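Trainee: Structure in structure tokens, see below.
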Amino acid sequence: MTKLLVGLGNPGDKYFETKHNVGFMLIDQLAKKQNVTFTHDKIFQADLASFFLNGEKIYLVKPTTFMNESGKAVHALLTYYGLDIDDLLIIYDDLDMEVGKIRLRAKGSAGGHNGIKSIIQHIGTQVFNRVKIGIGRPKNGMSVVHHVLSKFDRDDYIGILQSIDKVDDSVNYYLQEKNFEKTMQRYNG
């Protein structure tokens, strides 16, 4: 079996560790722990790394299409490898959750998230496993765009790093147990 772990974000140094890139941050942490490096694949429009865990090939994916076109890379990879939707796990930021809170879901709407909207449009379903990481709402009249493309303040950054560790644990648990329902029960709280 093969699994695709896809972190959403925007490519380039300009967006490094911005709120919208928490999905990339988690995928980078998984790659570091597995001691694997990314290579860019022009056909899939993504940076890819892979490793084996319990005989299963795991792909770490960072789409390079920019957030709003993430579905292109996800669809291309699912199609090429002949994978089911159950083999997909998307990790991304959520404005409507407080900073650092995580929520695992097996289905749902885009909730205003353009990366998720693109994935739903390209794969044709809202039913796929996902992990949302809270980045909070904009404060003091800041626009949503400015908020998601800004970096975390010091306190929020510490909280995000802790939540990324928790998501890392949940992803590893999911890969070991091969059961997303059980993973949701354990990590949603």
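In case you wondered, yes, glycine gets a Cβ from its N, Cα and C as well.
According to Swiss-Prot, the protein has these features:
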SITE      Asn10  site 'Discriminates between blocked and unblocked aminoacyl-tRNA'
BINDING   Tyr15, Phe66, Asn68, Asn114  tRNA binding site
ACT_SITE  His20  active site, proton acceptor
SITE      Asp93  site 'Stabilizes the basic form of H active site to accept a proton'
Trainee: Quick one: which residues besides Tyr15, Phe66, Asn68, Asn114 have a Cβ within 8 Å of the tRNA site's Cβ centroid, in sequence order?
Mentor: Asn10, His20, Thr65, Met67, Glu69, Ser70, Gly115
Trainee: Quick check: in three-state DSSP terms, what is Asn68 (tRNA binding site)?
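Mentor: Going by the DSSP assignment, Asn68 (tRNA binding site) falls within a helical segment, counted as helix.
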Trainee: Which residues, sitting 6 or more apart from Asn10 (site 'Discriminates between blocked and unblocked aminoacyl-tRNA') on the same chain, put a CB under 8 Å from its CB?
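Mentor: Same-chain residues close to Asn10 (site 'Discriminates between blocked and unblocked aminoacyl-tRNA') (Cβ under 8 Å, separated by 6 or more) are Thr18, His20, Asn21, Phe66, Met67, Leu149.
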Trainee: Out of Asn68, Asn114, which of these binding-site residues shows the lowest number of other CB atoms within 10 Å of its CB?
Mentor: Asn68
Trainee: Return the member of Tyr15, Asn68, Asn114 nearest to Asp93 (site 'Stabilizes the basic form of H active site to accept a proton') in space, with distance defined Cα to Cα and candidates limited to these binding-site residues.
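Mentor: Going through Tyr15, Asn68, Asn114 one by one, the closest to Asp93 (site 'Stabilizes the basic form of H active site to accept a proton') is Asn114.
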Trainee: What is the total of other Cβ atoms whose distance to the Cβ of Phe66 (tRNA binding site) is within 10 Å?
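Mentor: So the Cβ neighbour count for Phe66 (tRNA binding site) comes to 16.
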Trainee: Would you count the other C-beta atoms found within 10 angstroms of the C-beta of Asp93 (site 'Stabilizes the basic form of H active site to accept a proton') for me?
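Mentor: Asp93 (site 'Stabilizes the basic form of H active site to accept a proton') is surrounded by 26 other Cβ atoms within 10 Å.
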